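Below are the features listed in Swiss-Prot for this protein:
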BINDING   G8, K9, G10, G11, I12, G13, K14, S15  ATP binding site
BINDING   C95, C130  [4Fe-4S] cluster binding site
MOD_RES   R98  ADP-ribosylarginine
Amino acid sequence: MRQIAIYGKGGIGKSTTTQNLTASLSTMGNKIMLVGCDPKADSTRMLLGGLNQKTVLDTLRSEGDEGVDLDVVMQRGFGDIKCVESGGPEPGVGCAGRGIITSIGLLENLGAYTDDLDYVFYDVLGDVVCGGFAMPIREGKAKEIYIVASGELMAIYAANNICKGLAKFAKGGARLGGIICNSRNVDGERELLDAFAKKLGSHLIHFIPRDNIVQRAEINRKTVIDFDPESNQAKEYLTLAHNVQNNDKLVVPTPLPMEELEAMMVEFGIVDL
């Protein structure tokens, strides 16, 4: 069982990428569980035909510890993928990161991590790598980390910060598997992300071009793999899935100092001095 966490700046398309990646892997015959670790609880919606399933934390609040059953918090979606949303605390109360810790512990106790699973994916909010959001890394749950980024300043800044957190918790066995570029059509984007990944000691595992079919699929409450499996964009996600499945380059990243990061952004024309 490979346990993989997908991190990335909010709004980067992390959940869309993760759902299309897991859908692609399922078409290759893999058995998968996807755990949404984002308070927005939108990590599995396209796999479930637009269903907003009940989150683990909402269920705990309404039913208590004794009232939670696995079939209440876990739904099966496209490709028979097991879908779970950890959810978040009530607004203004508690810590969303702690919710991830609670959810994963509950899933373990309920026997969700079955031996037949090939992959468990964690879709994690990644603007900050505080203790709770780092939990899949820190506790050694996820051994492989992929970061979704683009050629925009804040996306790369967030990716670099995530690598700082990953390097800190590397003794638990977690490694960076690569950078996934979810393109924003920025000039020189592929070259920038390739250079950034190499400076981290890693690689650009795939460049996903921008395509409006992603939005059309989401309007129809489906992944691209489900909506139009013969499309060019579906082939891009399938290539990503093959690259992840065959990836053996797992490293402890070397995050860039801020001066070097800014110099690289200037070199590629992303920011002006």
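The backbone N, Cα and C atoms fix where each Cβ goes, glycine too.
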Since the record lists G8, G10, G11, G13 as binding-site residues, which of them has the fewest other Cβ atoms within 10 Å of its Cβ?
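Relative to the other binding-site residues in G8, G10, G11, G13, G11 has the fewest Cβ atoms within 10 Å.
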R98 (ADP-ribosylarginine) to K9 (ATP binding site): how many Å between their Cα atoms?
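With distance taken Cα to Cα, K9 (ATP binding site) is 19 Å from R98 (ADP-ribosylarginine).
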Here the recorded positions are K9, K14, R98; which one has the lowest number of other Cβ atoms no more than 10 Å from its Cβ?
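Minimum Cβ neighbour count within 10 Å, taken over the recorded positions K9, K14, R98, occurs at R98.
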